[in-house]
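I have placed the structure first, in the form of structure tokens, so that the comments after it can refer back to it.
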Amino acid sequence: MSSIKIECVLPKNCRCGESPVWEETFNSLLFVDIPAKTVFRWNSLTKQVQQVTLDAPVSSVALRQSGGYVATVGTKFCALNWEDQSTVVLATVDKDKKNNRFNDGKVDPAGRYFAVNRRSVYKLEKEEQIPDGMCIDAEGKLWVACYNGGRVIRLDPETGKRLQTVKLPVDKTTSCCFGGKDYSEMYVTCARDGMDPEALLRQPEAGGIFKITGLGVKGICPYPYAG
């Protein structure tokens, strides 16, 4: 296995970066900043960043089989047209709960877009703090970003056993995905909201996008929404 390398490829200062998704067609990484109500698209070749700002907190984004994207915006499932920056509401939930919103969302192998307000995963060790976003590698193992734990961990989903730990130079790691050539790179989002000035001085890259190489495993391409 190659030596692991961690670098901040995009010092974006996201308040709460989340939902990284690799778009192979454009060699780009999609991700959101939830409280900033913004979806970003970072081109890994040109290093250019594009963005679309919406009218409510956007907690996840996904590819759409028919073209464009889908996103969870507030308590709505929306189709997102990147070219004209327009959205079309596909469905709305919890209309009677004004302060509610989706927390995260992903597309399953059948092309269904799932979103949740709360979730639970494997019980983790105390120092790993709060389990957050996750992804699956080509060997069927689970990678979980640990919020306030400053790490991503690899778990065996059948036994719950921890197989690997990768520490990052920021505490508020939020989610992860595989991407790049052959899906051999891992991208990790993080947050900076709630950090005091002293903590931000210690972690100047908080809120940025990190790339991890040399993990020795590859990921799988993301599933597109079939609707």
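Easy rule for this one: first residue shown is 1, then count along the chain.
Quick reminder: no glycine exception, Cβ is built from N, Cα and C everywhere.
Any TrEMBL annotation is an automated prediction that lacks curation.
Pulled from TrEMBL:
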type	residues	note
DOMAIN	16-115	domain 'SMP-30/Gluconolactonase/LRE-like region'
BINDING	GLU18, ASP132	divalent metal cation binding site
BINDING	ARG101, ASN103	substrate binding site
DOMAIN	117-191	domain 'SMP-30/Gluconolactonase/LRE-like region'
ACT_SITE	ASP132	active site, proton donor/acceptor
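Its Cβ placed at the centre, ASP132 (divalent metal cation binding site) has 25 other Cβ atoms within 10 Å. You'll find the Cα of ASP132 (divalent metal cation binding site) roughly 10 Å from the Cα of ASN103 (substrate binding site). Each residue contributes its Cα atom, and for GLU18 (divalent metal cation binding site) and ASN103 (substrate binding site) these two points are 10 Å apart. Of the binding-site residues GLU18, ARG101, ASN103, GLU18 has the largest number of other Cβ atoms within 10 Å of its own Cβ.
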